[in-house]
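*Asks:* Straight out of Swiss-Prot:
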BINDING   His16, Asn34  bacteriochlorophyll binding site
TOPO_DOM  1-17  topological domain 'Cytoplasmic'
TOPO_DOM  41-65  topological domain 'Periplasmic'
TRANSMEM  18-40  transmembrane segment
Amino acid sequence: TDIRTGLTDEECQEIHEMNMLGMHAYWSIGLIANALAYAWRPFHQGRAGNRLEDHAPDYVRSALT
């Protein structure tokens, strides 16, 4: 038992495993979300640019005009 935390080595390893699992889940969800966002609307600009008016749904375009 560690005097500073009061946890055993096994408890510390269990907490570490849960933290790593949470981090991997967070990174995986972020990677998937960014891939979907890129598939929907690429981050790079083409020759004509990447104007909202060219890609927005009709209800957004009507609100802009």
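Every residue gets a Cβ built from N, Cα and C, even glycine.
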*Asks:* Do any residues at least six apart in sequence from His16 (bacteriochlorophyll binding site), in the same chain, have a Cβ closer than 8 Å to its Cβ, and if so which, in order?
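*Replies:* Counting only residues 6 or more apart in sequence, His16 (bacteriochlorophyll binding site) has no Cβ neighbour under 8 Å.
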*Asks:* I'd like the number of other C-beta atoms within 10 A of the C-beta of Asn34 (bacteriochlorophyll binding site), please.
*Replies:* 11
